[in-house]
Amino acid sequence: MSLSRSEEMHRLTENVYKTIMEQFNPSLRNFIAMGKNYEKALAGVTFAAKGYFDALVKMGELASESQGSKELGDVLFQMAEVHRQIQNQLEEMLKSFHNELLTQLEQKVELDSRYLSAALKKYQAEQRSKGDALDKCQAELKKLRKKSQGSKNPQKYSDKELQYIDAISNKQGELENYVSDGYKTALTEERRRFCFLVEKQCAVAKNSAAYHSKGKELLAQKLPVWQQACADPNKIPDRAVQLMQQIASSNGSILPSTLSASKSNLVISDPIPGAKPLPVPPELAPFVGRMSAQENVPVMNGVAGPDSEDYNPWADRKAAQPKSLSPPQSQSKLSDSYSNTLPVRKSVTPKNSYATTENKTLPRSSSMAAGLERNGRMRVKAIFSHAAGDNSTLLSFKEGDLITLLVPEARDGWHYGESEKTKMRGWFPFSYTRVLDSDGSDRLHMSLQQGKSSSTGNLLDKDDLAVPPPDYGTSSRAFPTQTAGTFKQRPYSVAVPAFSQGLDDYGARSVSSADVEVARF
């Protein structure tokens, strides 16, 4: 390698170092800044998405209150839950983007500036030292040749001249090798930086692929069920038809004005275990009064008529149905796919004897103003201890702990609530607790599951049974109403992660007061 080639390679080496320091690092800083803007924008999208699907949950609550659209309410709940899981995957991708890319690049670029500056100075100093040694040998050889030309005996300088030539050749070889190695080192440093960037970007891409794959998997699984649920908008569920027939059999005819009022103001919902009956609008009070006067129609917690089992959410259909009704639409698919963390819903046929017994035990009341949860959510007191174990969706508590119920009704004997002591949320067996009255005293809770057992039926026959106030017997089951701003507490809130179900890493946790306020709206 000639000296000119060595100098050219030296300039290339310096250019590589300067390119890294003057172009790569500033560009990397700009990339990090743009990445932070991107992260901030995605965080804003995530927050907006939570609000959007929170509103979707609210629409699902509204639909689930209706006898005609209850299945669609379950579908809306499933949609919100699926998209909540997708949003959780997006948040995981954002965490990876922040921790594995932006943070590490930001640390590297600060350390890299000082490291490259020191590496370039070291290379330049070593190259200059070797170049100076070569120049010195060449200068000595030049002087020696001048002496040899002016000497009468030039042969005596020949041996020394050969020594200088060998020294120059060795030093020039060392310089060329050093410059070559320096150029290789500079290219390696440049490549390492680009490889680091690509490696971190691949980690982000991997999480992005998992995010999209999770979304595709969930949506592909649920979408056909959702589409089937809304395939026939004109089909009225059997329970709504039976309700109309019950009204007709109780009064001789179906009142158009009553049905019209129920469409706009009246919401027909499933019974809430242990809760007071909902208030009835003034325009329906005379109508309900006439129904109360009929002694031949048994009442069970506000459900009038012989077909009261048809409105029980734990029973699919009564064995003897009018033949004119269309075949009952199975709801087991929607119930089973509602959440993979809920206990499996079973179909149990209630006994009419219990309904009659409870009707006799709990007399009706003329007061229709005893609304559900007038002073807030229902509270229960633990009468037994319960351990969740490894299941993060269950709630642990000890005897005597107070629990605030966060959903309106129990599902197969399981309720969802928040421990006032530990501030943890989760599902728990409702039979382990007693419902607290508004004054804070506890009373015996009688769930639908207990109402179906013979042991509880025998308990009702005892004289020393504490009977609730007369308002509990109000026959408002067929005519409950709620204002437009009143909804059931959502079982799957997108805005409150403590309600989440289905992700292993999203279990019960301590909830801040701000989360509680959001959940309460």
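For all residues, glycine too, the Cβ spot is worked out from N, Cα and C.
Look at Swiss-Prot and you will find 1-250 tagged as domain 'IMD'. When averaged over the domain 'IMD' (1-250), pLDDT in the model lands at 85.
Residues or ranges marked as coiled coil in Swiss-Prot (evidence: sequence analysis): 132-153. Packing against the coiled coil (132-153) from elsewhere in the chain are residues 160-161, 164-165, 167-168, 171-172, 175: each is 6 or more residues past its ends and has a CB under 8 Å from a CB in it.
Annotation source Swiss-Prot lists phosphoserine at Ser262 (among others).
Sequence annotations record features per position, and here Swiss-Prot assigns region 'Disordered' to 299-370 (among others).
Taken from Swiss-Prot, the feature compositional bias 'Low complexity' applies to 321-335.
Annotated phosphoserine per Swiss-Prot: Ser324 (among others), in sequence order.
Taken from Swiss-Prot, the feature phosphoserine applies to Ser326 (among others).
Annotation comment: Swiss-Prot describes Ser337 (among others) as phosphoserine.
The phosphothreonine annotation in Swiss-Prot covers Thr341 (among others).
For Ser347 (among others), the entry in Swiss-Prot reads phosphoserine, with the evidence type similarity to another entry.
Under the heading compositional bias 'Polar residues', Swiss-Prot lists 349-368 (among others).
The feature phosphothreonine is assigned by Swiss-Prot to Thr361 (among others), with similarity to another entry given as support.
Look at Swiss-Prot and you will find Ser367 (among others) tagged as phosphoserine, backed by similarity to another entry.
Taken from Swiss-Prot, the feature domain 'SH3' covers 375-438.
Neighbour density for Ser385 (phosphoserine): within 10 A of its CB lie 12 other CB atoms from the protein chains shown. Look at Ser385 (phosphoserine): DSSP puts it in coil. What Swiss-Prot records for Ser385 (among others) is phosphoserine.
Positions annotated as phosphoserine by Swiss-Prot, on the basis of similarity to another entry: Ser396 (among others). A coil conformation is recorded for Ser396 (phosphoserine) in the three-state DSSP classification, outside any helix or strand.
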Taking the Cα atoms as reference points, how far is Ser385 (phosphoserine) from Ser396 (phosphoserine) in Å? 8
Return the count of C-beta atoms lying within 10 angstroms of the C-beta of Ser396 (phosphoserine), excluding that atom itself. 17
DSSP helix/strand/coil residue counts for the domain 'SH3' (375-438): 3 helix, 27 strand, 34 coil
